[in-house]
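Per Swiss-Prot, domain 'ACB' is recorded for 8-97. Residues or ranges marked as acyl-CoA binding site by Swiss-Prot on the basis of similarity to another entry: 19-28, 39-43, 65, 84. The region 'Disordered' annotation in Swiss-Prot covers 141-162, 335-399. Residues or ranges marked as compositional bias 'Acidic residues' by Swiss-Prot: 153-162. The compositional bias 'Basic and acidic residues' annotation in Swiss-Prot covers 335-360, 389-399. Under the heading coiled coil, Swiss-Prot lists 405-431, citing sequence analysis as support. Sequence annotations record features per position, and here Swiss-Prot assigns transmembrane segment to 464-484.
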């Protein structure tokens with residue numbers, strides 16, 4: 001018992017030192033109720049029960065202290081010490097760490113053991129798990145459960161993958177069905193009628209999808225209607241495949257179908273880079289419809305001038321539309337009628353050149369946010385004409401240069417607007433300051449002027465001056481009279 005009492009006394013003394021060392025203006029300020037508790041427990045632990053009389057009404061603080069102390073009744077000193085330390089434990093975490101607090105923590109020890117014991121007694125499941133972990137066979141069983149759960153998760157993932165593969169296969173079958181082909185043909189006819197093309201039309205043209213009919217003697221619109229359903233089918237299949245990144249890229253730019261959309265208000269460089277090929281393709285389709293007879297003439301010139309076999313020429317004619325669109329997408333590269341590259345490899349077959357273009361555009365398609373690189377080495381933009389008449393189609397302006405110019409123009413206009421706003425602001429400030437000064441001056445001088453000269457006074461001089469001028473002669477006469485009377489009295 002003596003050892004227990006000494007432990008409680010030591011803890012109590014350490015807690016009292018902590019309370020006494022608290023600064024008056026420190027970060028931790030205990031409440032009045034808390035200080036009353038500490039006071040009552042301290043008095044009970046040091047002096048015992050309260051035996052002094054209650055203070056008078058003139059000492060309200062003493063009365064509160066006496067009430068708190070006397071409320072403890074016959075509590076023993078040891079119990080008061082324990083209660084004092086327990087109250088200290090409640091606020092110990094919120095107190096700043098000082099030397100006294102460290103000393104108290106060393107004396108008290110790990111006072112969270114009660115929570116740990118209660119947790120261990122209340123949770124039988126935790127003890128069971130600890131027993132399982134301590135025994136070797138149970139560890140194997142647990143590992144087996146873990147492995148089975150992992151294998152179950154893997155089987156679920158495999159099932160999801162199989163479902164995705166089945167969906168992809170079903171999408172491919174749907175793409176091959178004639179119903180989908182008819183729907184794609186209708187969508188593509190509508191897009192051709194509106195001169196609007198999706199951005200995914202460009203890489204699909206480069207993936208080797210070729211038409212099987214020559215352009216000799218056929219109308220361009222009929223050829224487009226015949227060739228583009230297969231392109232739209234491949235486009236839909238490609239978008240339903242694993243290339244989700246390109247799907248998001250195309251869906252984000254499908255609304256850019258008008259030339260009136262300004263590049264200044266685009267959200268990103270990627271959107272700007274995708275807007276240029278759309279404008280080029282739109283203008284290219286219009287020129288293709290307007291100059292169908294140029295296609296026939298140039299195709300006959302190609303058959304006469306080339307040294308390739310006839311089936312190679314036919315293949316070149318079939319590739320005419322795809323190569324023309326290739327040239328429209330290119331920033332640099334000269335394309336003439338008939339799908340013939342103006343400055344490509346000398347006498348090389350069109351099939352080899354087509355493969356090279358496919359590789360380049362495939363790389364462009366895989367990269368997001370990059371500009372389309374030229375395939376040909378021509379110094380001018382895309383051209384289309386009859387033998388060299390230089391009929392322009394597409395856009396010759398550099399997208400990056402035009403973007404920089406537009407940004408510069410916008411910045412200049414913004415600076416001008418800001419200067420105008422600043423000038424107007426300075427003018428308003430000056431007018432406000434002048435009005436304030438005039439109002440102050442009027443308020444200062446108005447009372448004086450009202451005293452000197454009222455608004456109803458018809459004369460220029462003030463009423464006071466006029467009254468003084470009238471009264472002054474009488475006053476002067478009276479003073480002279482008084483002076484003369486005194487002088488007479490002195491003489492007498």
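Each Cβ is built from the backbone N, Cα and C atoms, and glycine gets one as well.
As the structure is a computational prediction, the values presented were derived from the model and not from experiment.
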Summary of DSSP states over the domain 'ACB' (8-97), given as helix, strand and coil counts: 55 helix, 0 strand, 35 coil
19, 22, 25, 28, 41 as binding-site residues, winner by CB count within 10 A: 41
Nonlocal residues around residue 65 (acyl-CoA binding site), in sequence order (Cβ under 8 Å, 6 or more apart): 36, 39, 40
